[in-house]
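Take a look at the structure below.
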Amino acid sequence: MDLIQNYQENSEESSPERPSGSGSQPSSPDSSPMRLELPSKSSAPQVDDAVVALGVADPNLSRNVEKPIDPVQHLVSFNPTFDQLWAPIYGPSHPYAKDGVAEGMRNHKLGFVENASIEPFLFDEQYNTFHKYGYAADPSGYVGSEYIGDLDALQKNSGLSVYNVPKNEQKKRRKTELQKNEEEGEKEDLGPEVDNPETQEWLLKNRKSPWAGKKDEVQTELTEEQKKYAEEHAQKKAAAEREKSGITEVTEKSTFHGKEERDYQGRSWILPPKDAKATNDHCYIPKRWVHTWSGHTKGVAAIRFFPKHGHLLLSAGMDTKVKIWDVFNSGKCMRTYMGHAKAVRDITFSNDGTKFLSAGYDKNIKLWDTETGKVISTFSTGKIPYVVKLNPDEDKQNVLLAGMSDKKIVQWDMNSGEITQEYDQHLGAVNTITFVDNNRRFVTSSDDKSLRVWEFGIPVVIKYISEPHMHSMPSISLHPNGNWLAAQSLDNQILIYSTRERFQLNKKKRFAGHIVAGYACQVNFSPDGRFVMSGDGEGKCWFWDWKSCKVFRTLKCHEGVCIGCEWHPLEQSKVATCGWDGMIKYWYDIIIFTRLSLL
């Protein structure tokens with residue numbers, strides 16, 4: 001304690017006296033700390049106050065105000081003016097300049113170079129102008145000296161730079177230079193090598209082609225040797241393209257499975273029987289499964305009855321084969337058509353049934369002779385055809401329409417093999433083509449969830465149908481009266497559209513109950529238009545009444561997907577179905593079948 005008391009006394013004696021304003025109160029921890037005041041500095045030269053005072057008293061000292069300032073001087077004896085601070089430091093008149101440059105200011109071997117901010121384009125323009133014409137804009141920018149260099153050339157060229165020469169002047173100069181070069185080239189002696197076509201001298205002399213001015217002779221017909229070479233070249237090119245795309249070459253062949261292709265009277269096997277006539281105009285829903293055609297090793301994608309008579313049934317298989325079956329007599333396969341390298345997507349008959357088209361995933365469309373099984377012609381654009389259709393008019397059976405995977409509908413003339421029209425408006429792959437209005441128009445559906453109506457031969461959409469609630473429609477069928485379209489929608493319903501001018505949706509007719517989401521199940525009508533039928537993803541075939549839109553009957557047809565269904569064109573109570581189980585099944589109405597068996 002004594003030590004602490006002595007320390008406190010010593011500290012009080014050594015502490016300085018506090019100002020009177022603070023009193024004798026001891027310092028507390030809450031009081032503000034001591035502040036240190038640093039002396040201020042200025043970057044300007046220091047002015048000697050004594051000399052300034054003497055300069056005011058003595059007028060002789062005030063003469064220094066008119067003298068320039070030494071650039072390396074750090075202390076001045078007077079207040080310099082603005083003009084003195086910014087006076088130029090070059091020139092022999094400067095008292096502190098050596099060779100025209102002030103001491104300490106030399107930054108180049110030739111003197112002092114001032115920095116200037118000039119755009120690169122402007123610098124290049126003036127630099128090139130000065131080297132070409134001898135004049136340029138003064139970079140110092142002083143009034144009265146706007147240009148430097150050859151002022152006569154400046155006046156002659158009207159102050160033009162290399163970058164703003166008029167176009168007419170440029171053309172004149174180019175022509176002058178070309179003419180000058182040609183004259184000089186003619187005057188030059190090219191030497192003895194001028195006659196040698198391999199030398200540069202010969203090329204300079206003969207600038208024009210020796211064949212110039214001669215008309216090419218049009219070759220009217222190829223020789224036999226040229227035709228042979230062209231065929232070989234086309235075959236090699238096709239083989240190279242197939243090898244590049246990974247498509248194996250498939251030989252086009254056909255096998256006949258019947259007893260004989262012609263009967264004892266010389267009639268072909270594709271001719272309909274003479275007794276093939278319509279038995280009844282009234283259609284009935286089939287009830288009984290009576291026959292199965294099994295020959296495809298994979299699923300069946302589509303089936304089509306022979307036009308008008310239906311005595312033959314054509315089927316497209318995923319095993320790359322197309323088969324035709326007898327319906328009336330033996331019920332066996334009559335012929336197999338082999339020519340596709342991948343699964344067959346769609347098939348369609350001509351009006352008389354003597355020819356048919358097949359579209360495959362090998363990107364080829366083939367026209368077949370139904371009787372002989374030969375391939376008449378092949379069409380391809382390098383894209384996958386999803387649907388093929390012939391114009392139903394008798395005089396336009398040579399016109400082929402195909403909906404492709406590249407959003408186009410391509411029209412061919414099968415006689416010439418040339419593409420005559422392309423309908424390119426869809427935003428997705430084209431799925432269906434349906435002719436309406438006496439074949440003057442056709443309706444297409446696509447993966448872009450829209451319907452588009454076209455005038456045949458005119459690639460302009462006359463009606464565009466697309467609503468937010470619409471789904472993709474992979475199958476469309478025309479009603480027998482031609483006034484309605486049934487569209488299979490992928491939201492598990494069948495929608496009805498009018499084929500008249502406005503193509504409106506009939507909101508009163510809607511057929512639902514089946515499951516088709518994800519499958520392009522075919523929709524179809526009975527020949528009398530009283531029933532609507534469709535397959536579904538569970539292997540069932542559904543029948544609806546056209547007037548009431550109610551489900552009339554459901555048949556369990558296939559183990560897998562029931563992808564296609566066709567109503568017989570003559571015998572109105574018979575239906576054929578196909579599925580992904582590889583089977584084609586034939587269905588009768590039980591009453592009609594019993595009546596026929598009794599007869």
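Using N, Cα and C of the backbone, Cβ positions are placed for all residues, glycine too.
Noted in TrEMBL for the protein shown:
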- 1-47: region 'Disordered' (REGION)
- 17-33: compositional bias 'Low complexity' (COMPBIAS)
- 162-261: region 'Disordered' (REGION)
- 183-198: compositional bias 'Acidic residues' (COMPBIAS)
- 213-261: compositional bias 'Basic and acidic residues' (COMPBIAS)
- 293-327: repeat 'WD' (REPEAT)
- 337-378: repeat 'WD' (REPEAT)
- 423-455: repeat 'WD' (REPEAT)
So what's the average pLDDT for the repeat 'WD' (293-327)? 93
Apart from its near flanks, which chain residues at least 6 from the ends of the repeat 'WD' (337-378) lie with a Cβ under 8 angstroms of it? 245, 247-256, 261, 268-270, 298, 301-302, 304, 306-308, 312, 314-324, 384-390, 392, 394, 397, 400, 402, 414, 417
DSSP helix/strand/coil residue counts for the repeat 'WD' (337-378): 0 helix, 23 strand, 19 coil
When the repeat 'WD' (293-327) is classified with DSSP, how many of its residues are helical, how many are strand and how many are coil? 0 helix, 20 strand, 15 coil
For the repeat 'WD' (423-455), the DSSP residue counts stand at 0 helix, 19 strand, 14 coil
